[in-house]
Amino acid sequence: MTRKALGLVSALALAAAMGLSACSTTTGGSAMTPPAIAPAPGPEAVDVHTHARPEIARVVDVALDLTADFNAKTLAGTATLDILAIPGANEIVLDIRDLDIQDVRDAAGQPLRYVVGDNDAVLGQPLTVYFPAFAANERRKITIRYSTRPNAAALQWLNPSQTAGGQKPYLFSQGQAILTRTWVPTQDSPGIRQTYSARITAPEDLTVVMSADHLTPNGERAAPHSEGGGMKTWRFRMDNPIPPYLIALGVGDIAFAPFDGRTGVWTEPSRLRAAQWELEPTAQMVTAAEKLYGPYRWGRYDLLVLPPSFPFGGMENPKLTFATPTIIAGDRSLVSLVAHELAHSWSGNLVTNATWNDFWLNEGFTVYFENRIMESVYGHDRAMQEQVLGWDSLQDTLKSLPAADTRLHLDLKGRDPDDGMNDIAYEKGALFLRTIERTVGRDRFDAWLRGYFDRNAYRPMTTAMFLEDIRDNLIKGDAALESQLQMDAWVYQPGLPSNAVAPVSHAFEPVDAAAVAFFKDKGPASAIPWSDWNTQQRQRFLGWRPEGLRTGADWLTNAQLADLERTLNLANEGNAELTFAWLQIALAHRYQPSVATAEKFLTSQGRRKFVLPLFQTLWNEGDWGRGNARRIYAEARPLYHPVTSGSVDQLVGRP
Ligand SMILES: [Zn+2]
């Protein structure tokens, strides 16, 4: 960053502090009040995935007024942006992608000149709005009238047949990493925190939910308001400043069931009972999380269990985690996903990666915290099992990625931020924090981490700022400890430093013995004590591979595969993680009877974590695999969210 730019940053920091101190008096002065929005300091905080120039003018609040048209598959209406700028600023640059802009007006309703710039395949377009020069300490609103397009990458418009109920359509959004700009014209950068409110009009037989409170501008709990013509309006407010990737919307035939006074679940009525039973441990998890790292600062914690096309396991939208229905296994075995999304209420939503190069600060901290919640609620054994599964997955990732992409701090310039969404951020990040915990002791580590969340609440974080915080508040000049931790190697070097230690779970010892007996020594599947094992032990068994296995190498016979499939009833497995693990073995052997299982699995859910690796496995299996991949994808693609189909398109091609 140039000297001139640094001058602008400090001028804006002042403007931001002044602008927001006026606002924060209306929300009360308790310790829970979000502080003034400060721009992220330092050149490494410059986000290469936005067109915005927040050092000149930045958005601090977004007010949406949108109508959902399920026939046209569009959201149309206005976004009113509240803007702070340095004195003399006469433009603001926003991010948009596939939006149709109708006009931009000032607070008096006068049209403002605007220019939509060239499209970048990853970033979309800059929308530059021009206005008379800002005076010192001024704050202004502009209103953009626009509509989304049916192909908006954040939005998925489902036909009734793609829902459980089969009667009514459904709409949901997925903003992370840089897709919010396909439905909200704003500065779409994780370091530019914004409060938001919304007025959403939708068909009256549907319910609207958002990552916000159902509140009127006066702070009253709002009931939907009938608009006539078969439409109803719902109002929302999010008073805590959040990164724009957390603005989220769901519209469908959904109902609510509580767990306790502050937690509950939304989903389609026919799935509500099952979801309420499966996810009931949520209430206990919130209490456990608060005991570990301080108060939950977002009011309610609810879950929205989506239709099967939801592309991720979960998305930590504040107050309302969005989750895949594939975690409803019938035995609460996959609830660590709730612990994960809940942990994001501290790591990610409170302390946020300033740019996608530091995604590990969101995910590594969250995987660490998730495991601590699991340990609190389910005990040490279960937590260790999940740590070992994470370690195994990390080893595979380390082998498959180019060395430069195995650093925690990445350089994603010119690339899609999705390239950084892998086990390096999640599992290597968590392993780093466990290494620090083991070295300094849990009590000292916990005291530091709790303080880290408090000191940095509602602020963007970079790797350099994290290192500074931990050196100031935990290491405190202890040179021996500093060299023992190897922190710079962990964050800036590829692979794992020499102080990384593999976790051990004794519960996996009999599993490994059974795996060797079946897979290596060719014993019968009837000797596998499958019914004695929990889901994590079963995952470990199906994840077993011979040492040094090459991709494409067949290491089981058809007779062994048939024995395994029949004895463990794998063709009818109801747990999505286990179905996935079985198909990864079976398809890599071109085991024909498993194609029907794969087809059913790939056309009944759209979670990218399952879908993409299975198509990749098929793709590696020559004409047999590619033919099956193309045929199944042609059938499955209409089900998938653009996040998933975009990834599979790159592999298989558009059918
Ligand atoms: Zn996460």
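First residue shown is number 1, and so on along the chain.
Glycine too: its Cβ is placed from the backbone N, Cα and C atoms.
Following the DSSP three-state reduction, the secondary structure of Glu341 (active site, proton acceptor) is helix. Here Glu341 (active site, proton acceptor) comes close to Leu303, Gly314, Met315, Glu316, Thr321, Ala323: these same-chain residues lie at least six apart in sequence, with C-beta atoms under 8 angstroms from its C-beta. Look at TrEMBL and you will find Glu341 tagged as active site, proton acceptor.
Under the three-state DSSP scheme, Tyr426 (active site, proton donor) falls in the helix class. The active site, proton donor annotation in TrEMBL covers Tyr426.
Counting Cβ atoms from all protein chains shown, Gln174 (peptide binding site) has 25 others lying within 10 Å of its own Cβ. Residues or ranges marked as peptide binding site in TrEMBL: Gln174, Gly175, Gln176, Pro311, Phe312, Gly313, Gly314, Met315, Glu316, Arg607, Arg608, Lys609.
Sequence-distant neighbours of His344 (Zn(2+) binding site) (same chain, six or more apart, CB under 8 Å from its CB) are Glu316, Asn362, Thr366, listed in sequence order. Per TrEMBL, the feature Zn(2+) binding site maps to His340, His344, Glu363.
Annotation source TrEMBL lists domain 'Peptidase M1 leukotriene A4 hydrolase/aminopeptidase C-terminal' at 505-652.
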Recorded positions whose CB lies under 6 angstroms from ligand 1, from Glu363, Tyr426, Arg608 = Glu363
Give the distance between the Cα atoms of Gln174 (peptide binding site) and His340 (Zn(2+) binding site), rounded to the nearest whole Å.
-> 17
Expressed in Å to no decimal places, the gap between the Cα atoms of Tyr426 (active site, proton donor) and Arg608 (peptide binding site) is 16
Set of same-chain residues at least 6 away whose C-beta sits under 8 angstroms from Arg608 (peptide binding site) = Pro311, Phe312, Val643, Thr644, Ser647
Residues in the domain 'Peptidase M1 leukotriene A4 hydrolase/aminopeptidase C-terminal' (505-652) grouped by DSSP into helix, strand and remaining coil | 105 helix, 0 strand, 43 coil
C-alpha spacing of Gln176 (peptide binding site) relative to His340 (Zn(2+) binding site), in angstrom | 16
Take the domain 'Peptidase M1 leukotriene A4 hydrolase/aminopeptidase C-terminal' (505-652) and average the pLDDT across it for me.
-> 95
Looking only at Cβ atoms, how many others are within 10 Å of the one on Phe312 (peptide binding site)?
-> 22
Cα-to-Cα gap, Glu363 (Zn(2+) binding site) vs Gln176 (peptide binding site), nearest whole Å | 13
